[in-house]
């Protein structure tokens, strides 16, 4: 019996936040880490690695199931925000403005890549469709997430301009992604051979961004009086997750999807990416001292979705074995950075 490998990333997030609470100075604006430079460099590095990882050839096998793709993408970029707005309309008055923004930011984020594909495979779902939808979601999120946030901030009276944000996104996110995709021709094989090492670099960079994100919030005393907000966010995340999962499953049943397609739709449509969410937040809200509060919902939702989906994957895999369904082989999708 093989032992499950210890995953240090989730404890690493807790440590990064704890360090920001105890030693906020280095990562705050003006600190010796120079976060205004380090964070943008970290964002560029992460999306360059994503570009090297992205294999368009691996998408072909799942590209033609358009009904499934429509369900997943609408679930990610329409159903999620609509449900989030409904919850904020009812309960938004009980939480602070930064947390309301962070809650909607969570809803506007794209899906994960690696965990969506891995869980779909573990549950005996449609893996090619999961690869296609998770990758497409990441690409669409580069455009749709900032547009959704711009609309929300305008509708809530903040009136924030998107011009500077979009320029930063193009320079520090889109351009490195494109350069990484071009470099894949020469670096793809090397990246596949060194996946574990690249994954460590990716995760450490994300943890550095988490640390700097919370430093300004702590240094300026933003967290005072927000002790109960974490519990409220946890409860809202649980309700939101199960609502999205139930509605996507219901839609799949109405459309007559097969069990493997239904599994892929639920896992891809209910997940939200932390790996892209943290660096994108740095670009969109980096000047705000409330960045730590804005990131709180996705940091709570992230381990929650992995825990629940992991349990579901095990149950669905066991059910598939009992009724004689065969697992689908995982396609050669190139390097898929671990976003868990």
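Cβ from N, Cα, C; glycine included.
Given the structure is predicted, the values throughout are model-derived calculations rather than measurements.
The transmembrane segment annotation in TrEMBL covers 7-25, 37-59, 71-97, 103-123, 130-152, 164-183, 204-224, 230-251, 263-285, 291-313.
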Proximity of the transmembrane segment (7-25) to the transmembrane segment (291-313), 3+ C-beta pairs under 8 angstroms: yes
Most Cβ pairs under 8 Å with the transmembrane segment (263-285), selected from 37-59, 130-152, 204-224, 230-251: 130-152
Best-contacting stretch, by C-beta pairs under 8 Å, relative to the transmembrane segment (164-183) and drawn from 37-59, 103-123, 130-152: 37-59
Seg_contact(the transmembrane segment (71-97), the transmembrane segment (204-224)) with at least 3 CB pairs under 8 angstroms, min sep 6: no
Top Cβ-contact partner of the transmembrane segment (37-59) among 103-123, 204-224, 230-251 (pairs under 8 Å): 204-224
Which of 130-152, 204-224, 230-251 contacts the transmembrane segment (103-123) most, counting Cβ pairs under 8 Å: 130-152
